[in-house]
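**Student:** Below you will find the structure I want to go over with you.
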């Protein structure tokens, strides 16, 4: 008994191989996602000026205001559109190449555009930037789904939550690094912006060199490749000891439980009653994550007019040719939809105009710190509590921010309340809504349905991302300071759904989690196809 307890304890430890595989996968993929989200914001006006100068060198004329706005909107919108395409590729790639193989293949969509963007100014071609934004979007769409899947399948159940939050941590680190490199006295200048864009290839190159030395997902090797010996060797390297029979038996149990279903496509996933609540939960959580106000949209507030600048997924909104050629410094990067008013909030609170970019970077640092906290508390507090806590904080922050913005011109200290709301929102979202949904996809689906579930979740993520960026400027135009009431309602509805439906998955095996949903879905087995076995005469088992 004591030996068994010791074995269980050792099985769940964080070994060097597991830690390095996690860091390399997250740095080489998730970091790029965050970096590319933020990298284009700081040099936005400089890049539009480059567009104008390039067009002038070709035609002898400058681009008019509307065509330039449209061209820039296409540039930034290529990222979420590419993310959607990347999400659709998840299933085919992870089933053909494996989890690790898909990540290695995905580096093509980072290294190639990094070279193209880095050379775009020398080549005098803004078309290279537009194509590259599509390619890095595909990279982000793939990595945002494959990395959580890979790490979730590598980790023992007692570390699955902590390692599952690591991809989100590296996304926030990538955002912060892009904000720092995007300071005007570093790379957000006439000579530096191509380097700023091209640096995204560095993490990809490192991953391409190092990740091949680490194991493939044992579940993929055993269930899909039917290579039990390779799966055992992978588990032995990951766990740091030789006795992995208990975990191999658990994976075999999962394989046996799914044999009746076979591979589950996206269409089949929508038709299966046994996966109804899992699928609905993924859709609600992914939509709630993006539609609650946080978005891969990086917006800048134009200093000359107070108009919101274009950001990824915000077509039709952006400074025109006059602003692009005016020589004005670009507005600071703003990380979240809730940052729409951030520049005005910081300036009203007494922050000097030149220092706003540093305050914004400081807010990005808060995001990183709170995501680090989530890594350490997710196994202590559980997924469900972090989701409820995070969405509740975001709900409160949106409500108070609405009141603060409405009273900002009449009450002198309201801008300080607004700053607190922005920071509180960042904290709340970093604790639960940002990192937990992707982790839950790994946990609530078994091997045969997991790739398709990530395709659905990723598609909802990127379509919601794009929708908020497209619609929010019009919501703001119509509602002004009351725009965040819309996000507050979404936070409230998502919180209610989580409270009523989403179970706790902490420290449970994939089979145990699936059994919880089996009861919710009111089916007797993991897959409804097995219900035909109940037609056997009961006397057969009694004899």
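Including glycine, each Cβ sits where the backbone N, Cα and C put it.
Pulled these from TrEMBL:
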type	residues	note
DOMAIN	22-506	domain 'Major facilitator superfamily (MFS) profile'
TRANSMEM	12-35	transmembrane segment
TRANSMEM	70-91	transmembrane segment
TRANSMEM	103-123	transmembrane segment
TRANSMEM	129-151	transmembrane segment
TRANSMEM	163-181	transmembrane segment
TRANSMEM	193-214	transmembrane segment
TRANSMEM	277-298	transmembrane segment
TRANSMEM	356-378	transmembrane segment
TRANSMEM	385-407	transmembrane segment
TRANSMEM	413-432	transmembrane segment
TRANSMEM	453-475	transmembrane segment
TRANSMEM	481-502	transmembrane segment
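Thinking about packing and proximity, how do these listed features fit into the structure?
**Tutor:** Mean pLDDT of the predicted structure over the domain 'Major facilitator superfamily (MFS) profile' (22-506): 82.
Listed by sequence, the residues of this chain that lie at least six past the ends of the transmembrane segment (12-35) yet keep a Cβ under 8 A from its Cβ atoms are 100, 103, 106-107, 110, 136, 139-140, 142-144, 146-147, 150-151, 154-159, 163, 166-178, 199-200, 203-204, 206-208, 210-211, 214-215, 237-240.
Nonlocal intrachain contacts for the transmembrane segment (103-123), taken as residues 6+ away from its ends with a CB within less than 8 angstroms of a stretch CB, comprise 25, 28-29, 32, 50, 86, 93, 97, 129, 131-133, 135-136, 138-139, 142-143, 146-147, 150, 193-195, 197-205, 207-208, 211-212.
Counting same-chain residues at least six beyond the ends of the transmembrane segment (163-181), those with a Cβ under 8 angstroms from any Cβ of the stretch are 18, 22-23, 25-27, 29-39, 42, 143-144, 147-148, 151-152, 154-155, 187-188, 196, 199, 333, 335, 357, 360-361, 364-365, 367-368, 371-372, 374-375, 378, 430, 434-436, 438-439, 442-443.
Under 8 Å from some Cβ of the transmembrane segment (193-214) lie the Cβ atoms of residues 17, 20-21, 24-25, 27-29, 31-32, 35-36, 39-40, 42-43, 46-47, 50, 100, 103-104, 107, 110-111, 113-115, 117-122, 129, 132, 136, 139, 178, 181-182, 187, all in the same chain and six or more residues away from its ends.
Through the fold, the transmembrane segment (277-298) approaches residues 37-38, 40-41, 79-80, 83, 140, 269-270, 311-314, 333-338, 387, 391, 394, 398, 425, 429, 433-434, 436-437, 440-441, 444-445, 453, 456-458, 460-461, 464-465, 467-469, 472, 484, 487, 490-491, 493-494, 497-498, 501-502, 517, 520-521 of its own chain, all at least 6 residues removed from its boundaries and within a Cβ separation under 8 Å.
Within the chain, the transmembrane segment (385-407) has long-range Cβ neighbours (under 8 A, six or more residues past its boundaries) at 285, 288, 292-294, 338, 341, 374, 377-378, 414-415, 417-418, 421-422, 424-425, 427-434, 436, 481-482, 484-485, 487-488, 491-492, 494-495, 498-499, 502, 504.
For the transmembrane segment (481-502), same-chain residues at least 6 beyond its ends with a Cβ under 8 Å from one of its own Cβ atoms are 277, 280-281, 284-285, 288, 291-293, 337-338, 340-341, 383-384, 387-388, 391-392, 394-395, 398-399, 401-402, 405-406, 408, 433, 440, 472, 475, 520.
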**Student:** Using a Cβ distance cut-off of under 8 Å, indicate which of 129-151, 356-378, 453-475 has the most pairs with the transmembrane segment (413-432).
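**Tutor:** Checked against 129-151, 356-378, 453-475; highest Cβ contact count belongs to 356-378.
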**Student:** In terms of Cβ proximity under 8 Å, which residues at least six beyond the ends of the transmembrane segment (129-151) contact it?
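**Tutor:** Distant Cβ neighbours of the transmembrane segment (129-151) are 21-22, 25-26, 29-30, 32-33, 36-37, 40, 47, 74-76, 78-90, 93-94, 99-100, 102-103, 106-107, 109-110, 112-114, 116-117, 120, 163-164, 166-167, 171, 197, 200, 204, 217, 296, 438-439, 441-442, 450-451, 454-455, 457-458, 461-462.
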